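Okay, so here's the structure we're looking at.
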């Protein structure tokens, strides 16, 4: 274990040239450099955040949902059937025509009846609009609070106004209480997301989002251990800038305030494009790649850090394309369009499974619905934007 630890914490990888771990011992009592041990406090804090979330959703978000007349829908439950339940849990939740024909013959049911059973069984596990509203309200509250704290903290930090300060005297940069609290709180929140994902609203992208949260935790931890926390704090705040706007748009959508939802989505898109496609590359990547090169020079972990930030920029471009596509559909249809990853299969979609003609008719009816009955299952009803924009 000692040999493995020595290999993993090789100074030639983690630190600039001519710097050792011994050089990074605390310079004075009460004054510390960032260390891995500091991040351990994020684990109990993550548990605390999770408890606060449960209380918040029950005693604050729940009453708000009731005030807005957002109730938990009563979905039609599938008739208990041992054969179909076994197929649903162990083979497939969406059987193809071959499975449907086989089950139809085995149970002496019409194919359409088997289809309907699987549809009801899938919807049985889907979250209600009220549940999604409470979850989004919690995220909105946290994102808004942490963004407000980040802006307040960074506005008093000299490296926000002169990014070269992120690299002067590196890595001998003392960990301030404000920076420590900011980092640990952000890390604890993403730990809590990882844990709660197993009992949260189940989405089709469960595995993708789990990997995303794991990558986020790894990035935050990596930048902290290498004492790149100053520039890391800028990245965190930059990404928080648009997240609370997205959650606000979701809340408006669940409450069926379509105009407000569309307006907030537009604001979210503008902020997202501005922060991810302009400020991030020309401010963050400029300092991590060019200013740092001139001041401290490259070393192995520097290359890894910048590679990860470049990958993040690629993701920003992909997500921006997806957001722009949704915005274009919103303009064409008059409101934010339905996401293909909608959580609940609607009644019009139920009939669409019988023939291709019904599929076409159903999709047209969704697009043209003037009242937006399916709005709560639309783009903002999905987790796809709220989680995967939190790339740190």
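Just so you know, glycine gets a Cβ as well, placed from its N, Cα and C.
TrEMBL lists transmembrane segment for one of the ranges 95-120, 225-250, 303-328, namely 303-328. From the options 60-79, 180-199, the stretch TrEMBL describes as transmembrane segment is 180-199. The stretch that TrEMBL tags with transmembrane segment, taken from the ranges 14-34, 140-160, is 140-160. Distant neighbours of the transmembrane segment (36-56): 137-138, 141-142, 175, 180, 183-185, 187-189, 191-192, 195-196, 221, 224-225; these residues of the same chain sit at least 6 beyond its ends, with a Cβ under 8 Å from one of its Cβ atoms.
Break the domain 'Homeobox' (84-128) down by DSSP state and the numbers are 32 helix, 0 strand, 13 coil.
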